[in-house]
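Feature annotations, courtesy of TrEMBL:
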- 168-239: domain 'Concentrative nucleoside transporter N-terminal' (DOMAIN)
- 247-345: domain 'Nucleoside transporter/FeoB GTPase Gate' (DOMAIN)
- 350-572: domain 'Concentrative nucleoside transporter C-terminal' (DOMAIN)
- 63-85: transmembrane segment (TRANSMEM)
- 91-111: transmembrane segment (TRANSMEM)
- 132-153: transmembrane segment (TRANSMEM)
- 159-179: transmembrane segment (TRANSMEM)
- 191-208: transmembrane segment (TRANSMEM)
- 245-267: transmembrane segment (TRANSMEM)
- 322-344: transmembrane segment (TRANSMEM)
- 406-430: transmembrane segment (TRANSMEM)
- 442-463: transmembrane segment (TRANSMEM)
- 517-540: transmembrane segment (TRANSMEM)
- 552-576: transmembrane segment (TRANSMEM)
Amino acid sequence: MELNGLSENSQRNGLDNQAFHSQDSICIYVEVAHRPSEELKKRFLEKRMEGIHRYLEEHRTRIRLVLGIVLAAGYFAVVIAACVLNLQRALALLVVTLLAVFFLLWDWLMGRYGQRLWDALQPARDTLNTHWLWVKWVVCVLLLVAVVCWLVFDTAKQGSRQLVSFSGLLCFVMLMLVFSRNPFRVSWRTLLWGVALQFLFGLIILRTKAGFTAVDWLGHQVEVFLSYADTGSRFVFGDKYTDHFFAFQVLPIVVFFSTVISMLYHLGFMQWLILKVGFIMQITMGTSPTESMVAAGNIFVGQTESPLLIRPYISQLTLSEIHAVMTGGFSTIAGSVLGAFISFGIEASHLLTASVMSAPASLAIAKTFWPETETPKVTAKKGLKLETGEGSNLLEAASRGASSSIVLVANIAVNLIAFLALLAFLNAALSWLGNMFNYPQLSFSIICSYVFMPFSFLMGVAWEDSFMVGELIGYKTFFNEFVAYERLAKLIKRREDRGPEYVDDVKQYLSVHSETIVTYALCGFANISSVGVMIGGLSAMAPERRGDISRCAIRALISGTVACFMTACIAGMLYIPELLCEDFLKEEFNSTLVINSTQLLTCCTELYHSVLVSPSNMTLEGRFSMASLNGCCTILSSPLFNCSLVP
């Protein structure tokens with residue numbers, strides 16, 4: 001056989017050649033010699049990387065500290081530069097920065113020295129416990145005297161409405177005591193501190209300039225923030241999405257807000273905030289950690305989301321704690337639907353204030369209506385582990401938040417369709433029934449108005465507005481808060497459009513003061529349909545307690561409703577609307593009871609200054625009426641104007 005023209009012998013001779021074997025051996029030796037050097041290089045790099053990782057691991061704390069200092073220095077440099085350029089423009093950034101620094105320092109100090117401080121105060125706590133019986137009553141009497149004195153002076157200045165709201169607050173508390181499940185086991189500490197915190201929050205927000213400005217600014221920022229949902233709505237539904245206001249503008253806000261809340265949960269901010277608010281209520285009101293955390297959580301999330309914070313402990317709760325958890329859910333609204341109500345035209349600052357004020361009220365009323373008679377199993381805050389977000393990163397948390405809102409959006413939409421249709425049917429059926437007795441105007445709203453009218457008046461609503469406010473409370477109780485706020489938004493729009501106040505002797509809109517009170521009264525999930533939602537949500541977390549949860553439901557619904565009414569009473573005592581003298585005088589002199597006050601004096605003086613008298617006639621500037629001028633001259637003489645000239 002030949003290969004490429006060479007004989008077999010030639011090939012064999014070639015293979016036997018020593019030069020061939022020598023060259024082959026050299027190649028093999030070179031290849032083998034290269035392998036150890038490459039392995040050495042790899043081992044060298046691995047050792048270097050391992051050394052770097054080990055160094056980073058050993059000095060992790062220092063590296064993080066250095067990076068934190070660098071980032072903090074950069075941030076403070078930005079804040080200082082912004083303040084130097086324009087302090088007014090950077091004021092909000094400066095305030096937020098100072099608050100963040102304060103809370104970070106507080107957490108650090110409490111974590112490092114909190115236990116030492118607690119131990120150092122042990123003698124003082126022992127002394128207080130020894131004399132607590134009489135100290136408690138002395139403090140209560142002093143606080144009551146202070147409130148009464150404040151009300152007397154404030155009533156002399158503002159008018160009698162504050163007294164009506166204060167009387168209503170006392171009436172609601174007395175009703176809860178009378179119908180309490182165990183009146184002799186009521187915790188007075190919880191009740192008094194709950195009302196005191198509610199009053200304190202309201203006083204800071206509604207009566208101090210700094211508090212009102214801060215909440216008003218926050219409400220405006222929330223409105224601006226929620227308006228970014230319009231970008232997504234416009235992209236998905238087109239430029240004419242506002243033609244279908246509720247479906248394409250209100251409901252997308254719920255999706256957007258749910259996404260943001262989910263992201264804040266993932267970052268741990270919501271848990272931190274809830275723990276801080278819950279801790280304040282726990283140490284002042286003496287409630288258990290579980291119910292305090294849920295009450296705090298209800299300020300920010302919904303009635304079925306806040307119990308998730310304590311999901312591992314729900315099966316261990318006492319009946320009173322279950323009742324308190326459910327009451328907290330009924331007495332507040334979720335942050336996601338708060339955005340929807342703001343989009344209706346409801347004042348954002350009042351909704352935010354109502355959410356904060358109702359949290360302590362819910363615990364106070366819940367523990368009065370169903371006092372604790374068992375021993376809570378979870379008593380230490382440190383043993384309480386809050387649930388965290390399920391997302392592995394921020395993007396997944398945002399996606400989960402958006403997806404989880406689908407059920408909420410669907411529930412809102414279908415419930416509104418069903419309840420508005422049911423309301424129309426009820427009104428038609430009642431009108432048909434009333435027509436048989438020559439009263440065709442009979443409707444569900446009229447029935448609600450008469451039923452809830454006394455409660456409206458007790459909250460401080462003017463008597464002529466109580467009928468409409470009672471109607472709104474009925475809508476909220478038997479349907480839901482969306483129906484009630486949607487109706488309230490229409491009344492607000494009528495007032496802002498300055499339409500006729502009365503048509504055929506029927507009032508067409510509420511006063512600003514009454515609008516504010518009813519905004520607080522409606523700010524909660526206390527309605528019939530929410531009972532099923534609450535029972536279903538809690539039973540899914542603790543199936544073995546379904547019977548106890550159902551047993552507490554109706555009393556919790558009543559407690560949640562009363563908590564909202566108490567918040568409205570506090571708002572009626574503290575809120576002072578902007579004084580529009582034309583409307584104030586008209587409303588005051590249309591009322592059956594006219595009380596001389598500084599507001600009346602101010603407005604009558606302004607009215608006297610607006611009168612232009614000529615030899616032939618008398619004219620009034622602005623929107624003042626001759627009826628108001630007659631009323632002022634009847635009760636108040638003034639050197640500024642000769643009332644004998646009034647025809």
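Glycine residues also receive a Cβ, built from the backbone N, Cα and C atoms like all the rest.
Taking DSSP states H, G and I as helix and E and B as strand, the domain 'Concentrative nucleoside transporter N-terminal' (168-239) has 61 helix, 0 strand, 11 coil. Looking at 159-179, 191-208, 406-430, 442-463, 552-576, the range that has the most CB pairs within less than 8 A of the transmembrane segment (322-344) turns out to be 552-576. In the domain 'Nucleoside transporter/FeoB GTPase Gate' (247-345), the DSSP tally of helix, strand and coil residues is 81 helix, 0 strand, 18 coil. Outside the transmembrane segment (159-179), and at least 6 residues removed from its termini, the chain residues within Cβ reach (under 8 Å) are 147, 151, 186, 191, 195, 365, 368-369, 457-460, 462, 513, 517, 559, 562, 565-566, 569-573, 593, 595, 597, 599-600. Listed stretches 132-153, 245-267, 517-540, 552-576 were compared with the transmembrane segment (442-463); the greatest number of C-beta pairs under 8 angstroms is found for 552-576. Where the transmembrane segment (191-208) meets the stretches 63-85, 91-111, 132-153, 517-540, 552-576, the count of C-beta pairs under 8 angstroms peaks at 552-576. With pairs at least 6 apart in sequence, the transmembrane segment (63-85) and the transmembrane segment (91-111) have 3 or more Cβ pairs within the 8 Å limit; the two touch. Mean predicted confidence for the domain 'Concentrative nucleoside transporter C-terminal' (350-572): the pLDDT average there is 88.
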